[in-house]
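Q: Have a look at this one before I ask anything.
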Amino acid sequence: MPKYRSATTTHGRNMAGARALWRATGMTDSDFGKPIITVVNSFTQFVPGHVHLRDLGKLVAEQIEASGGVAKEFNTIAVDDGIAMGHGGMLYSLPSRELIADSVEYMVNAHCADAMVCISNCDKITPGMLMASLRLNIPVIFVSGGPMEAGKTKLSDQIIKLDLVDAMIQGADPKVSDDQSNQVERSACPTCGSCSGMFTANSMNCLIEALGLSQPGNGSLLATHADRKQLFLNAGKRIVELTKRYYEQDDESALPRNIANKAAFENAMTLDIAMGGSTNTVLHLLAAAQEAEIDFTMSDIDKLSRKVPQLCKVAPSTQKYHMEDVHRAGGVLGILGELDRAGLLNRNVKNVLGLTLPQTLEQYDITVTQDEAVKKMFRAGPAGIRTTQAFSQDCRWDSLDDDRAAGCIRSLEYAYSKDGGLAVLYGNFAENGCIVKTAGVDDSILKFTGPVKVYESQDDAVEAILGGKVVEGDVVVIRYEGPKGGPGMQEMLYPTSFLKSMGLGKACALITDGRFSGGTSGLSIGHVSPEAASGGTIALIEDGDTIAIDIPNRSIQLQLSEAEIAARREAQEARGDKAWTPKNRQRQVSFALRAYASLATSADKGAVRDKSKLGG
């Protein structure tokens, strides 16, 4: 029978000092012996997805204490990728994931906490907390802040839906008037919550639900809706049950590594491919799998991508649907239900409620459930009122979207495409693979061959695109923006958005060893591995070379002979210590970022730290 970790600090005369300090936090004699459960919050006024979380930690803590636990809350950092985008701030986004994971480990282990409730929401916060949860392997439940409502405005006498990406594209489009750009900017992000499309934040929160570490509805129920409050209340109660199951009943099925096992990881990736999620999720799932000591690699993702169809299409891949529409169609479990009927899921998995996948679908799949309360929850919709307050409205759709032939979520028979929304490409240009979000690629450019224009920074590429130096048919390559080379593996949302602004969204390709925002669409290929700073072929290409992309056949080739590539590699290595560094880039890199770069692996490993360098 495992002993409560917290007993280390609460029992025995030699811990009198620790108990004295616990008492100073409000604990009393009756609390010593109860499980100490930490509420890992991520409130900040910098991030719309987190601006409403201040009071939600207290809500969870009250339920923990009412259920027989002791609650202790702390906060992690949270970077807003959209605000950090397009300048030096983006260098810090991905490294913040490791800091978040480490900070959770530090706080939990330093104070011997027994379990956690993780209140996350946005891009690097959810994966950072996931990595920590699987590293620590103590009972955990995730409850996120929820998605933002989609923006709406009237343009050309038509009401259209908007999101952050629309503001970026219109702001850079020379054909758009200042008045229209301003109107879109003011309408794009109307409420608190994670940006309203299937961008990285919402993709990750959906995957957490598929992994079994959060409750049904967590990935799609709007941040503003009153129904979301119940998820927080339930999390506080349920974590005490999970904690006692493990520590008092020796039930290891309550631990995250036994819930989010390899079968669950495969299900989560299957969901990601079917819903056309952000390419960043690949990076984060690979990193989380390493923390869980699960053998889950790019090869597994490649195999899944070849058999899973696209059953859901959401912004930025279409303007018709946003997360509020996914929820109306049944949310994550609506998609999982269709995947299950197609025989594409591992059924022998459980979630934090203790339900198997078939049991969960029976209760929560809107196409089969008889539970009217569940149907009501999935009718929770937007209010269209600007607010930063959680649970501030209780509007509902008049009906559910259960049309699996022409609705937001489709059945296998009526899939958007036979191929899924993500694909892994291999070739002499990316020997260890690269990722493309096929859900956002127009059918006309699934095969694309063109001349290369090489840039050694995102800034240079943006200047060239906006300056008219990139033309139809070009393959834009941005290198030395990987985990080491950036450092920090910047997102390339501005270059892809500006290609659209210049009318080149369906006429050019963009390839990088950096990564893309979940808001990216178009022929955008990222995570090229090995990266330039690690000696990848991407470091050897020159202006005017030709790259051939063949998504249906999962291929990306630099059209040069092996002899020419070898000769260029020899010339590159002759540069000595500067061999795998950009030639003409001036960039201020802080000591903190240099420390990150010194241990970072390429994207095919999840951009995690290289344990071999630390003797691990």
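Every residue gets a Cβ built from N, Cα and C, even glycine.
The active site, proton acceptor annotation in Swiss-Prot covers SER517. Taken from Swiss-Prot, the feature Mg(2+) binding site covers ASP81, ASP123, LYS124, GLU491, and the record attributes it to sequence analysis. The feature [2Fe-2S] cluster binding site is assigned by Swiss-Prot to CYS122, CYS195, with sequence analysis given as support. Taken from Swiss-Prot, the feature N6-carboxylysine applies to LYS124, supported by sequence analysis.
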Q: Have a look at the binding-site residues (ASP81, ASP123, GLU491) and report the one with the fewest Cβ neighbours inside 10 Å.
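A: With the binding-site residues ASP81, ASP123, GLU491, fewest surrounding Cβ atoms within 10 Å: ASP81.
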Q: For the recorded Mg(2+) site formed by ASP81, ASP123, LYS124, GLU491, which further same-chain residues have Cβ atoms within 8 Å of the site's Cβ center?
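A: After dropping the recorded site residues, what remains is VAL79, ALA84, SER93, LEU94, CYS122, THR200, ASN280, SER517.
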Q: Taking only C-alpha atoms and a 10 A limit, tell me which of CYS122, CYS195, SER517 are near GLU491 (Mg(2+) binding site). These are the recorded positions.
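A: Near GLU491 (Mg(2+) binding site), where near means Cα within 10 Å, the recorded positions are SER517.
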Q: Could you find out if DSSP has ASP81 (Mg(2+) binding site) as helix, strand or coil?
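A: Where ASP81 (Mg(2+) binding site) sits, the three-state DSSP reduction gives helix.
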Q: Taking the Cβ of the residue listed as 'active site, proton acceptor' as centre, how many other Cβ atoms lie within 10 Å?
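A: A 10 Å sphere around the Cβ of the residue listed as 'active site, proton acceptor' contains 31 other Cβ atoms.
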Q: Taking DSSP three-state, what's GLU491 (Mg(2+) binding site) in: helix, strand or coil?
A: strand
Q: Taking the Cα atoms as reference points, how far is CYS122 ([2Fe-2S] cluster binding site) from ASP81 (Mg(2+) binding site) in Å?
A: 9
Q: At 10 angstroms around each C-beta, which of the binding-site residues CYS122, CYS195 has the fewest other C-beta atoms nearby?
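A: With the binding-site residues CYS122, CYS195, fewest surrounding Cβ atoms within 10 Å: CYS122.
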Q: Rounded to an integer, what is the Cα-Cα distance in Å between ASP123 (Mg(2+) binding site) and SER517 (active site, proton acceptor)?
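A: That comes out at 9 Å between the alpha carbons.
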